[in-house]
Amino acid sequence: MPACPCPGNLAHILLLNSRLRRTWGVKFFYPRQHTVTREVWCGGVGLHTGADVTIRLKPAPPDFGIRFQRTDLTGKPVITAHYRQVVDTFQATTIGIAGAVVGTVEHLMAAFYGCGVDNVLVEVDGPEIPILDGSAAPYTGLIRKAGVREQDAVRRCLIVDRPMVVKEDGAYIRVTPSDHFRIDCAIDFPHPLVGKQRYSWSFCENSFKREIAKARTFGFLKDVRKLQTMGRAQGGSLANAIVLDECGLLNREGFRYADECVRHKLLDFMGDLALIGMPVVGAFHVHRAGHSLHSRFLKQLMTRPGTCSLAQPSCIPTGVFPASRLPAFAGQISSVAKPI
Ligand SMILES: [Zn+2]
């Protein structure tokens, strides 16, 4: 049976496997890492820089992770997609090393997470990932076009062991242990078409593509004008963002979902969470947060002792456990993970 590329389910199955093997000695399987099958590319404008950029997704070996390579710079520097490489969180997440940066990585990172892709080299010939239509859907389409293949290496997962909360100016992110990857996201904007929105979601690859990936980035006209005078949002247009004026929506096509704004915020969080470098099993409550708080949260999550642990099997799979029997054991598993 092929390993399902759904990170939340896989981590759960990983834990179940361990308990099943120890308790009953039954056969089991482990989730494997995945990469893209072949090279694909796409091009477009960067939302903030306005630069025309082309990206190429290339297959990468196990344990490579997601890395960005600036092919337009001398020495072609490589930047690992990792929370420690975050250098700017104003309006988007920018990663960098030694002066070389790649901006607005979050939608592409969310697509990798949502499609179960662990290892890819992303070549980029400019300072920012193209915004395309403002959502992650074009990237999930690109990944589908490339194909995703299983690799001969076990996928690692991060297990949340203890609750933790990070707060900032009325916003907060809280995480609690869970047997699945869940996000509960809330926003509150004083606008008649937005207001208070809340979206609760439990990870599944298919529902990611259907419910989350298509949600576009959004902004308010007065903020867009301010940003443009600051030299930001240079590539912004109604083709790649939802723009709201004082009481309405400028995009003729309307919203893709009635609550598209909160779904996009959930997408942003997921893209930033992907900078941990592996799937996470825990329940996240994201309230009015943005990229800056996401980044602070990740640093604390990964450094506060006892909050998380790494689940990685110590032996090679010997067979297959019927997935249909797995739900019967849901909720019985405490952590079998090793401390980081
Ligand atoms: Zn976004």
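Backbone N, Cα and C atoms are what each Cβ position is placed from, and that goes for glycine too.
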Of the residues His107, His180, His191, His287, only one is listed by TrEMBL in the Zn(2+) site with His264, Asp268. Which is it? His107
Since the record lists His107, His291 as recorded positions, which of them has the fewest other Cβ atoms within 10 Å of its Cβ? His291
If you measure between the CA atoms of His264 (Zn(2+) binding site) and His291 (active site, proton donor) and round to the nearest Å, you get 12
For the recorded Zn(2+) site formed by His107, His264, Asp268, name the remaining residues of the chain with Cβ within 8 Å of the site's Cβ center, in chain order. Glu106, Ala110, Ser135, Ala136, Ala215, Thr217, Lys265, Leu266, Leu267, Gly271
In whole Å, how far does the CA atom of His107 (Zn(2+) binding site) lie from that of His291 (active site, proton donor)? 12
Cα-Cα separation of Asp268 (Zn(2+) binding site) and His291 (active site, proton donor), in Å? 8
Pick from His264, Asp268: which of these binding-site residues has the biggest number of other Cβ atoms within 10 Å of its Cβ? His264
